[in-house]
Amino acid sequence: MTASSLLQAAMRRKSSAPPSNALVTEADTERPLNLTDLTLLGVGGTLGSGLFLLTGRAARVIAGPAVTLSFTVAAIACLFSALAYAEMASRNPNSGGAYAFAYSALGELPAFLVGMCLTLEYGVSSAAIARSWASYLGDAVGFLPGWLTGKDSVFSVLALVLVLAVSLMLSLGMKEAKWVINAATLAYAGVVAVILVFGVQKVDTGNWDPFFPFGLQGVIAGSSAVFFAYVGFDEVATVAEEAQDAARTVPLAILLSLVIVTSMYIAASLVLTGLMDYEVIDTYAPFSAAFRSVGLPIVAKLVGFGTALGMMNTTTVSLAAQPRIFMSMGRDGLLPRAFALSSSATTVGCGVVVAMLAVLVETHALADVVSGGTLLAFLATNVALLLTRSRIHSRARRTPSLIYLFVGASALTGIVSRLMGKNQMPRWLGLLISIPVMLSISIMLLTSDFEGGSQYERAAPSFMCPLVPIIPMLGSFTTCFLLFQLSNKALTALCTWLALSATTYFCYGARNAIIATSYLNIAVASPTQSYSSFDELATEARSISSNDSPLSSPLPKATNSQAAL
């Protein structure tokens, strides 16, 4: 392929699925996931261990008792992206999540990069969490050898066992796996409820004075520190093809899970800072130490159990999401066809790769890179919503350029803020550079036409994000700003990952994408095809391949008109 054809391939877009009830058929009654299942999956993927591990450090060294407000601010910032996810999931209720959103709005190369960022969020993060679980379990039990937990060696056998066991369970299908996820999430919520009930009885309101020991700046810094405690709600979008009435239930589940998790974080942070003075909070095991200090050692042990359970559940949900991303990319031809042909094999294969990472790679080496990949996926979803809404109205011809300029201005503001924070740029110069640019582009974008309602669409989606373009603009700005607060090492590693991903795309994906062929009506490539489950979709793909379909034969070269799609 020439440079020109590669560029055309990188920017071609795939039609999104019909919105609203267009996908709801009789097959929906056979889909295993209802609104309750989806909400519990979102809560399980989001809550995790962040409740017991992040709160202590944020309270002691960043925000003090005002960490409660930090969680509130972080929730509001996360809500911007959640609302964008909700509308895009309603418009495109297929597996793939942010990858599918980017493919329909941004282009093929951005979609591929987002898919690889989701691999960081789901696959790589599950390896990091599994290794943390093994280490935490070893400390909690006390008698496990270091070679088993990874504490005294490079290898972590327990992490390997956890990932492989969860992968085998998930390979049975979501109809069976959902009961394990639901039970684990409810058990974890029950543990948190018991902890809060006992904790409230021991709260000393005097510990909340002063409430703002680090001032307003501490609240803002704390919100950045705890923002990643909310990551995980987007995993709901990856199981959309197994959800009943997905265009309605997936957006609702995303928002409900965020509300539930936020309530638990706020309540828990209030209890923690009320149990003891913020200056003596243990940053490693804050709740366990706090309950021991008030004479409740049994509750302290319950905290340890809850932390381990939360880590296991987060690992399970992440491992459930990862193969669905690869399967979606495989169906589109951006990854080898093997990923599209077998759900069980894909799940187990992903599990083996994740298990190798969990055994060999230390947790701290992964955490910031995973955060960067997650932020890029959030950014892509917000931008996808802006572009989708702008394209609804024919008069909004200049808006896409303004959207990309706004993202660039947001990135510039994040970089300037980073330099000012490290005293590498005078404050006056940073404000002089960032404020005029942000204001001018924001005003132009706000005055553009984003009216996207039923009067402009043949079939409006079940959920519409309010206050567009304001909400996705705030979501884009927030994610850009937080992205450039990551460490230099994390940003370098993230750029390296993206460069390798782009190379993979140009070497394989651009040449094999199904959208570039004339066989757009086959089931594996059809964005409008509905399936009752992940496993049914895989069965359909296998039958197509075995019947000498175009998928099982070499793909013809795209014509010029097809390549321009």
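Cβ atoms are placed via backbone N, Cα and C, with glycine included.
What TrEMBL annotates here:
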type: REGION; residues: 1-25; note: region 'Disordered'
type: TRANSMEM; residues: 38-54; note: transmembrane segment
type: TRANSMEM; residues: 66-86; note: transmembrane segment
type: TRANSMEM; residues: 98-120; note: transmembrane segment
type: TRANSMEM; residues: 132-148; note: transmembrane segment
type: TRANSMEM; residues: 154-172; note: transmembrane segment
type: TRANSMEM; residues: 179-199; note: transmembrane segment
type: TRANSMEM; residues: 296-317; note: transmembrane segment
type: TRANSMEM; residues: 365-387; note: transmembrane segment
type: TRANSMEM; residues: 399-416; note: transmembrane segment
type: TRANSMEM; residues: 428-447; note: transmembrane segment
type: TRANSMEM; residues: 459-484; note: transmembrane segment
type: DOMAIN; residues: 463-512; note: domain 'Cationic amino acid transporter C-terminal'
type: TRANSMEM; residues: 490-508; note: transmembrane segment
type: REGION; residues: 544-565; note: region 'Disordered'
type: COMPBIAS; residues: 544-556; note: compositional bias 'Low complexity'
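Proximity of distant same-chain residues to the transmembrane segment (98-120), defined by a Cβ-Cβ separation under 8 Å and at least 6 residues beyond the stretch ends, is recorded for 9-16, 85, 88, 91-92, 234, 237-238, 321-322, 325-326, 328-329, 332, 334, 369-370, 372-374, 376-378, 380-381, 383-385, 387-388, 497-498, 501-502, 504-505, 509-510, 513, 515, 527. Against the transmembrane segment (399-416), stretch 365-387 has more CB pairs under 8 A than any other of 66-86, 179-199, 365-387. Pairs of Cβ atoms less than 8 Å apart link the transmembrane segment (66-86) most often to 365-387, out of 38-54, 179-199, 296-317, 365-387. Outside the transmembrane segment (365-387), and at least 6 residues removed from its termini, the chain residues within Cβ reach (under 8 Å) are 80-81, 84-85, 87-88, 97-98, 101-102, 104-106, 110, 113-114, 116-121, 124-125, 127-128, 228, 231, 234, 357, 399-400, 403-404, 407, 450, 465, 468-469, 472-473, 475-476, 479-480, 482-483, 486-487, 489-491, 493-494, 497. Long-range neighbours of the transmembrane segment (38-54) within the same chain, counting only residues 6 or more positions beyond its ends whose Cβ lies under 8 Å from a Cβ of the stretch, are 129, 132-133, 136, 178, 181-182, 184-186, 188-189, 192, 225-226, 228-233, 235-236, 239, 243, 249-250, 252-254, 256-258, 260-261, 264-265, 268, 285-287, 303, 306-307, 310-311, 313-314, 316-318, 320-321. In the predicted model, residues of the domain 'Cationic amino acid transporter C-terminal' (463-512) average a pLDDT of 91.
With DSSP states grouped into helix (H, G, I), strand (E, B) and coil, the domain 'Cationic amino acid transporter C-terminal' (463-512) comes out at 39 helix, 0 strand, 11 coil.
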